[in-house]
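Below: the structure, in structure tokens.
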Amino acid sequence: MLPFLLATLGTAALNSSNPKDYCYSARIRSTVLQGLPFGGVPTVLALDFMCFLALLFLFSILRKVAWDYGRLALVTDADRLRRQERERVEQEYVASAMHGDSHDRYERLTSVSSSVDFDQRDNGFCSWLTAIFRIKDDEIRDKCGGDAVHYLSFQRHIIGLLVVVGVLSVGIVLPVNFSGDLLENNAYSFGRTTIANLKSGNNLLWLHTSFAFLYLLLTVYSMRRHTSKMRYKEDDLVKRTLFINGISKYAESEKIKKHFEEAYPNCTVLEARPCYNVARLMFLDAERKKAERGKLYFTNLQSKENVPAMINPKPCGHLCCCVVRGCEQVEAIEYYTKLEQRLKEDYRREKEKVNEKPLGMAFVTFHNETITAIILKDFNVCKCQGCTCRGEPRASSCSEALHISNWTVTYAPDPQNIYWEHLSIRGFIWWLRCLVINVVLFILLFFLTTPAIIITTMDKFNVTKPVEYLNNPIITQFFPTLLLWCFSALLPTIVYYSAFFEAHWTRSGENRTTMHKCYTFLIFMVLLLPSLGLSSLDLFFRWLFDKKFLAEAAIRFECVFLPDNGAFFVNYVIASAFIGNAMDLLRIPGLLMYMIRLCLARSAAERRNVKRHQAYEFQFGAAYAWMMCVFTVVMTYSITCPIIVPFGLMYMLLKHLVDRYNLYYAYLPAKLDKKIHSGAVNQVVAAPILCLFWLLFFSTMRTGFLAPTSMFTFVVLVITIVICLCHVCFGHFKYLSAHNYKIEHTETDAVSSRSNGRPPTAGAVPKSAKYIAQVLQDSEGDGDGDGAPGSSGDEPPSSSSQDEELLMPPDGLTDTDFQSCEDSLIENEIHQ
């Protein structure tokens, strides 16, 4: 089909007239630049740079005076545990800020590190700019986790790749394009920098094809170099734990242990943890702690001021300026006391019933990795017998009761990677939920894919008629590219929430889904549809399945190579580099959510709780997708419009600096698996493949499909696609792959199953590293559950999101003391 289409394109293109009017008629006149000096790039560059400076100035002001946003967040339990060793040498700093040892539960996540030198290095108005360059990878790994280091290393390799591509494109390809004389001989003509300036029979077109293939090789080499340095560490606990689905719902942990120890000689099961439906229990636990905190806050306030506080318990009640029926004020302590008692009772009843809600899943931890791998292989090996393809696991006296023939066995994810509240959503319900969400998402983006359709709708009401003939670069190029950036910035947020409501079992799965969906929609929105002169997916499919598809295909693909078309994407990359990265620094979506939550808070206690709990995990999926979208645009046009590469390099440099700041100062650490990083590598390889596609279409339309340059590009493209498909689907061509990971394990003697001379019993595992929901760990620690070795109620709970957990202050630190600590910290930093 592809050769037939290309041959038709070549024949039609050779006979077609100038497609300029056709392409421009498909767009609105204000979205594509027509005949402006150098495509309006200097004007857009100046405007975006001024906006960038203004946003940086605004950020510096907000950073100095508005510390409530992103300032007083609690760190996760994992972060606290990683810092315990360092805290011994930081007692002087912590004592001055948090009254001695009281820092165990409370640490500031943003802006100023718990390290003394970092507290001193970014106190000034703009000193945070230099602090970004002083942050070392070891400090980022310790503060943000290994995934943040892999992400930043990925960016550095992309920057190195763009440096090489930029030198080749600007130093060689750009002068070659200038040497043509097909377009007007005007120094201000943007078209002279593009491949459209070369005649169809020019032998210099071989240079473009060769460079496209070279860029592909450079991309693969760069990614192999990146992945070879990714010493991805997997915890010993993860490699020794299996996740089993399909167990009998009423199977006991002792029977699971007995099955494995009978079926596999020399097998020791350290722990077998059945899974329960804890979604409602986790919700009640979080609400109960919020109520306790609210009562404590107003109790301390009343003891201090001797005046009972009154609140409006309705959402946004503190914003009401008049008292209406149903919104009367109530006494705060009485309200929170009743609420706490009700939630405690609901929590107690739910906790008693949780053992009656098994999910038919279990996490089983063995004594070493070898036996774990053997068991996994037994349950996943394929032995074809007739029409069935099923492994034959070893049997035991408990096999029939446990329904081992229905088991699905995989390696367990990291405990911090699991959404425990989502495990109850599975099977048909999960697939139906996922289908409905994605259908709604597709319908939404089907019609609202690009900003062109919005402006086209405005044209129907003659809104844009007065500016139609201005031919001003601000009107024709700055606002359309800014609007395109706004839509592309909104898309990851929409896709993220769609992935969130899909209720994935792991954070890695949620991030991978977000990354792939975002990247696909962004490529359509930002690259494919604007290049083809289409305004939405609606028009794309109508054109694709129209009877006149082949007749109009050549003209549509001619739209890609119009002289002024590249200017639109150059200006988009400029907008992403300056305005996009500045907005990432300001974190406007998070700020808006923070303001909404403050408005919905019912009292001062809840507003203070919001201020402490507004930090979230860094969304690697959305960040990878957006960054790879811009990189794909740059690589796709790196040969047809080489002037885009320096601006792409500028985008990546600013993006790297902004992400270093945000990862270290603004977001919670996230624990993911390596699949999210390998998925990003696959998206990188897609960029030079699209560049080959662009050159193939250009060569086919200019010289025909049978021309040597067209055939060479086609053969290279087919071979590349075949190798990629064989590697992704069947695991072949590993030495030609962009992946070259090296897996390392944490230093634990897995074979002897001993750690520091002692066997790794369940009691030796930290609470945050146990395969049990945190709310059940707390129950065991309180003595309300069956108990577990090593569990202690004195250990603070951990959480992955600060909205899930509200930690109580440690012994010896009252709520009033903590409030005074907050106030003194903020006041001290504002006046520095």
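Residue positions begin at 1 at the first shown residue.
Glycine residues also receive a Cβ, built from the backbone N, Cα and C atoms like all the rest.
Confidence in the topological domain 'Extracellular' (1-40), given as mean pLDDT, stands at 48. According to Swiss-Prot, the feature topological domain 'Extracellular' maps to 1-40 (among others).
Marked as transmembrane segment by Swiss-Prot on the basis of a large-scale study or a structure entry: 41-65 (among others).
Under a cutoff of 8 A between CB atoms, and with a sequence separation of 6+ in the same chain, the neighbours of Cys51 (S-palmitoyl cysteine) are Phe578, Ile579, Ala582. The S-palmitoyl cysteine feature in Swiss-Prot is assigned to Cys51 (among others); the stated evidence is experimental evidence.
Under the heading phosphoserine, Swiss-Prot lists Ser111 (among others).
Residues or ranges marked as phosphoserine in Swiss-Prot: Ser113 (among others).
Look at Swiss-Prot and you will find Ser114 (among others) tagged as phosphoserine, backed by a large-scale study or a structure entry.
The annotation phosphoserine is assigned in Swiss-Prot to Ser115 (among others) on the grounds of a large-scale study or a structure entry.
As annotated by Swiss-Prot, S-palmitoyl cysteine applies to Cys126 (among others).
Annotation source Swiss-Prot lists transmembrane segment at 146-178 (among others), citing a large-scale study or a structure entry.
The topological domain 'Extracellular' feature in Swiss-Prot is assigned to 179-202 (among others); the stated evidence is a large-scale study or a structure entry.
If you look up Swiss-Prot, you'll see 203-227 (among others) marked as transmembrane segment, on the strength of a large-scale study or a structure entry.
For 231-426, the entry in Swiss-Prot reads region 'Intracellular linker IL2'.
Annotation source Swiss-Prot lists S-palmitoyl cysteine at Cys382 (among others).
Within its own chain, Cys398 (S-palmitoyl cysteine) has Lys255, Ile256, Lys258, His259, Glu262 as residues 6 or more apart in sequence whose C-beta sits under 8 angstroms from its own. Residues annotated as S-palmitoyl cysteine in Swiss-Prot: Cys398 (among others).
Annotated transmembrane segment per Swiss-Prot: 428-457 (among others), in sequence order.
The topological domain 'Extracellular' annotation in Swiss-Prot covers 458-472 (among others) and is backed by a large-scale study or a structure entry.
Sequence-remote contacts of a segment are chain residues at least 6 beyond its ends whose Cβ falls under 8 Å from one of its Cβ atoms, and for the transmembrane segment (203-227) they are 153-154, 157-158, 160-161, 164-165, 168-169, 172-173, 176, 179, 195, 635, 638-640, 677-678, 681, 684-685, 687-689, 691-692, 695, 699, 702-703, 709, 712-713, 716, 720, 736-741.
Mapped onto DSSP helix, strand and coil, the region 'Gating helix' (567-599) counts 32 helix, 0 strand, 1 coil. Each of the recorded sites Cys726, Cys729 was scored by how many other Cβ atoms lie within 10 Å of its Cβ, and the smallest score goes to Cys729. Counting only same-chain residues 6+ beyond the ends of the transmembrane segment (146-178), those with a CB under 8 A from a CB of the stretch are 137, 140, 192-195, 197-198, 204, 207-208, 211, 214-215, 218-219, 222-223, 225-226, 229-230, 232-233, 618, 620, 623-624, 627, 631, 634-635, 638-639, 642-643, 645-646, 648-649, 652-653, 655-656, 659-660, 663, 669-672, 676-677, 680-681, 684. Under the DSSP three-state reduction, Cys51 (S-palmitoyl cysteine) is assigned to helix. Here the topological domain 'Extracellular' (703-707) has, by DSSP, the following mix of helix, strand and coil residues: 1 helix, 0 strand, 4 coil.
In the three-state DSSP scheme, Cys726 (S-palmitoyl cysteine) falls into the helix class.
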